[in-house]
């Protein structure tokens, strides 16, 4: 691997103590962008760059670097012991990363372990600051760790550093075909890069598979299994640097979400709806040439080694209503395994992801509200995970949107790491003023960012009822409006002829309807009379039959009385002129029918009482019956005619 | 007192009846909506078919502010375009591709959705003026002038209303549910129409029948975002308003009628049915002496206003007055005026004077009519198709299409239906319709005569073309509604009349008075009660409601008829039972049809096997791959079936799509597919195609794949490019006979289409065969095609001009990329060199006045043009070479040596292979 560029001048190793000066603190970002190339440190600079603030009489004992290359994410865990060899107490420790690493640095955490080895008590993460000491070599990015308390003379402290890098592994070659395995290169220093002197150190590189194309062989290099160990090296001067590169097989999914938008919507009716929109890219070696499904299906391990087929998301427990789709519909290739501690969602993109292939999809799920929403001091706060639930996925740009219910106020978000915060408004179902949305943006997110964050806000529970009430009142108004419309007279000119005529016509119609009702009742009475005749033939009770007739007579008389005022009204009304003759004809016919039926009744009763013969009976009744039938037909026809008007 | 009480009682009963029928209508609406949701429940809420994706794309992409091409028509247009007619998408809908008897369902909702998305974003004017450059590359398509915008506008309005109420439904959701919503509304419109004809009971029955008639379900399931969904509503509603106007004589309804007609014109090409049916009815009324002022009011405003409004729709435009489909309405318009005049004069004059006047008017009128008719005939005869579109001609002459336009004949949707399809699509209604027609004659009114005319004409049309079954369905529902309602009225009335007063009935029936025995009455009463109960528990609401209606009816009419038509109790009970059974059978069939037959989306296929359900989601897999892993400007070539989906789901420019308005273009793709690899590569390259997509079902047995459609590609291609000959692809009987000399049974195979070892060499070497079966043999070693049930003929071959870039999980979609042209070898490609030179020149000459002798600038311009539409320019160049319009330019270019550096200067950001191509092009 001698072809790899050497990052640092070997002269550097010889540089000794340096002069001190004050420096300025730069933001990490500007430092990261300062220079992309790995410049060689000139020896002269080396002697002039340490100052008061970053005393160099610290020495580092026994740093142990563990570089985990098992996935696309590089994790460098450093355990080191800091000793104050000088006289003044020290409160900050400097760390440096080469720029090419620092610009991909996703997370840097430092913890101290107090006590002497066995009784460890982690005191939480220490504050870390990006600094830019003046005069330092530009290809390094500096961070200081503030120690929990000053380190007195001769005292020592054990620090645990965890640095997580994304995009640090470079595929080499950059383009491979379907059948090739994916090789990546990792470059670092075998020596612990530090402004301090190092007494003894070693580096262990952990690989995903025990297959290595090549690796830098230095003294004390061991390769066993899937681990490469460099060191131990002893008594290294400050800034010692020994380039090391590993070119190895890594077929782990290089799943990179170019953008992930997580929308967390709180409903105080009891649900937290999480929707995650992924724009995914396989960021490993680009796939070129043919893609043969045949080869892929026949020997997926060989002919699709660099691709990945599925992703696993570790959703919170009790996640429900999980869906997985993209813009053209549901994707049917997913599985869920759930138990009380977690919900595992295994999803397959629509097609196997080869290098350089992209896809996009959306997963969504609901969570029970009471697991994530809490009260404190009159405020509510949501405590939910920030990062993405996918296994070993790097997110270039993560946007978390927390949609709070309409009417929330006093909103503040606290996130354990620096993010860009913003606010917007979202209109959803039946919103009047919109829901406040807290927007948190962060670049370069790794699984270690899957941590809780809090959103505090105030919300009045009564606001919950706003939307149902709105709906109810909306429908109420609709119905009331309908009722009013139906009952209100919207005629513009109340004195116009047509309006008056219409009113009159309505009255006429009403009275005609009444007339018809009365006639119908008359006919019903006729039916009763007929029925009494049948009873007579069955029971032979002539008295009852007569009584029935009398009752019918009375009823009919009453009815005809009722009919009179109606008829007079119709006669007086000008609107009824057309229909009046028909009505009058109807009344007349009905009356005739009445008479006929009565006469038939009396005849039948008479015959019955006289016990006349069947033939005689027929002779007498038949003509009447004929007339009745005819009359009835006429009446019915008339009724129909009038009814249709 | 008593009178007012009865009046109150009556009013109450009226109110109760109204509320009841209102609830029944609501339930019918719910039924119509929910029976169409099987597709969403069983699958998912997506636009299901191939075609509906067009509309979806329009809407979607336009939401992103990107203009896309709208394309909405379908296969059918091929036919019309053969006739060189204007675009007409009336025939969008299910196209059953009848090749080898395989049925393919196409619904054109896609494209509507796309328009809709465009509309929601950019507004109506941009919509009209929208030029979509994403389809029909490199031609593009003017959307506003080529689509029926009704569906798009409707869904757009729905979406807009919902969103302004802050109900944020996605465009897709609105589109998916537009069809079910409109079928509910169509059911209500049916109620209104039938109510106008035969009263509320019949109306409710008809509405319930329509809510679940399978024929209509097939076009309006959730997810088929299709013109027919709203068009059927518009059709029925227009008819309702016509009848309403006819019944009331109100000018208000006449105006509404014109507007409804306008909506229908916006929605569907089937509006010509309305504009021919109504004049027919008017003519019928006039002839049968039923002319009235109401008829005049119903018709005259419709023709005037309706025609004016119709010509506002860009697709129709001047066709509203120019094509023969509309002439009948104008003719009847004249006739009705003559008749109106005659009636008017008759009223004014005395009978003797009137006779004189009649002779005068008739003679003068005849002369004028003759003159007008002559002019019209002359006008019409001057157009090539005599003013009739191919569709209408094939309607009038069922054999027309098969005789003159083989492609129309190819679409089995345009074939006459078979009897089973009647049973499938309208089921028991087919048997009820005659009864309904009889009921309409008792008594015959203007309205009922219209309905009779409607059913008669639609039966005829459905007999000509399967797809017009859709027009028949509402008519059949109305007729069956009337029949069922009348039948129920008769039976329940007989039962009801005989139950409370048995002897009263017998009295009227004369003579039977003494025979009725109390005992039998009793038992019968019990029976009837039971029946009433059972009818109430009937599965369908329709029967119950109708029965209620009849019971509720306070009218005197029933009383009268009660006396006229009383059937024996037993027979009415049995008949009722049978009717209920019939209704139950209908309901069961409809639910089955909705759940099983019509709800399977063609975009997702499922199959059941011993180990459960298998989902074949290959289409979307391929489209998703295309949309994410190809460049935005890449062109994808496929057979037109997949055009809409590719534009909508994959968001890539296609060469041809389901709006097949340009036959030549389709033929070009067909030719490419049926050519050998090299020729195909050249055709595709000239169209700037980068990817070729084929659908292949041989691995999993998906029958409607491209190999099965291939014969049509050959035919359509051969129709324009004569070097493609269909017989070359078919096994001729002589060859078969030779091959199977010892087997005489094989000899009779004449012109058979096959892909096995007996297939012709042309077939085995064509692009479609190769792309479909590339490396297929390696799957099982035998290359057994499960669709054709045979081993394929040519198993081992390599592709030289195409490379496989993607194949879906079940191999149903295979995508190939055109390999870049090989670097030129000196001396070998002399011919193409000169062509390129000429092309370069011509492009320069056309684009810039500084062509002259500054060769470097000239070349840079050439380069520029070669990046954009190189092939088009090349053709032009060839033409110009032939015409020898470019003397002397060749030496100039040949002398110029352009280094690759020059290219890079001009196109630093260009895509690699393009630059390479360019370099190879420039280093002459």
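Even glycines carry a Cβ here, placed using N, Cα and C.
TrEMBL does not curate its annotations; it predicts them automatically.
Under the heading compositional bias 'Polar residues', TrEMBL lists B:513-524.
Among the features that TrEMBL reports, compositional bias 'Basic and acidic residues' is placed at B:526-553.
Over the domain 'Oligosaccharyl transferase STT3 N-terminal' (B:19-62) the predicted model carries a mean pLDDT of 78. The annotation domain 'Oligosaccharyl transferase STT3 N-terminal' is assigned in TrEMBL to B:19-62 (among others).
What TrEMBL lists as domain 'Oligosaccharyl transferase STT3 N-terminal' is B:117-479 (among others).
Under the heading region 'Disordered', TrEMBL lists B:513-553.
Nonlocal intrachain contacts for the transmembrane segment (B:20-41), taken as residues 6+ away from its ends with a CB within less than 8 angstroms of a stretch CB, comprise 48, 176, 179-181, 183-188, 191, 200, 204, 207-208, 210-212, 217, 220-224, 541-542, 545, 548-549, 552, 590-591, 594-595, 598-601. Marked as transmembrane segment by TrEMBL: B:20-41 (among others).
Residues or ranges marked as transmembrane segment in TrEMBL: B:142-162 (among others).
What TrEMBL records for B:174-193 (among others) is transmembrane segment. Proximity of distant same-chain residues to the transmembrane segment (B:174-193), defined by a Cβ-Cβ separation under 8 Å and at least 6 residues beyond the stretch ends, is recorded for 25, 28-34, 36-37, 40, 45-47, 52, 55-56, 59, 109, 112-113, 116, 151, 154-155, 158-159, 162, 203-204, 206-208, 210-211, 216-217, 219-226, 229-230, 232-233, 236-237, 239-240, 243-244, 474, 477-478, 481.
For B:199-217 (among others), the entry in TrEMBL reads transmembrane segment.
Annotation source TrEMBL lists transmembrane segment at B:260-284 (among others).
TrEMBL lists B:296-321 (among others) with the feature transmembrane segment. Sequence-distant contacts of the transmembrane segment (B:296-321), counting only residues of its own chain at least 6 positions beyond either end whose CB sits under 8 Å from a CB of the stretch, comprise 86-89, 128, 144-149, 242, 245-246, 249-251, 254-255, 257-259, 261-262, 265-266, 271, 275, 278-279, 282, 329-330, 332-333, 336-337, 340.
As annotated by TrEMBL, transmembrane segment applies to B:327-345 (among others). Listed by sequence, the residues of this chain that lie at least six past the ends of the transmembrane segment (B:327-345) yet keep a Cβ under 8 A from its Cβ atoms are 275-276, 278-280, 282-283, 286, 291, 295-296, 299-300, 303, 307, 321, 354, 357-358, 361, 365, 369, 372-373, 376, 380, 387.
Listed as Cβ neighbours of the transmembrane segment (B:357-381) (distance under 8 Å, sequence separation of 6 or more from its ends, same chain) are residues 324, 327, 331, 334, 338, 341-342, 345, 349, 387. Per TrEMBL, transmembrane segment is recorded for B:357-381 (among others).
TrEMBL lists B:422-442 (among others) with the feature transmembrane segment. Long-range contacts of the transmembrane segment (B:422-442) within the same chain, counting only residues at least 6 positions beyond its ends with a Cβ under 8 Å from a Cβ of the stretch, are 197-198, 209, 213-215, 218, 448-449, 451-452, 455, 459, 462, 469, 472-473, 476-484, 486-487, 582, 585-586, 589-590, 593, 597.
Sequence annotations record features per position, and here TrEMBL assigns transmembrane segment to B:449-466 (among others).
The transmembrane segment annotation in TrEMBL covers B:472-491 (among others). Tertiary proximity for the transmembrane segment (B:472-491) is limited to same-chain residues at least six positions away from its ends with a CB under 8 Å from its CB atoms, namely 186, 190, 193-194, 197-199, 201-210, 213, 215-216, 232, 235-236, 425-426, 428-430, 432-433, 435-440, 451, 454-455, 458-459, 461-462, 542-543, 546-547, 549-550, 558, 561, 565, 567, 572-573, 575-576, 579, 583.
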With pairs restricted to those 6 or more apart in sequence, evaluate whether the transmembrane segment (B:260-284) and the transmembrane segment (B:564-588) have 3+ C-beta pairs under 8 Å. no
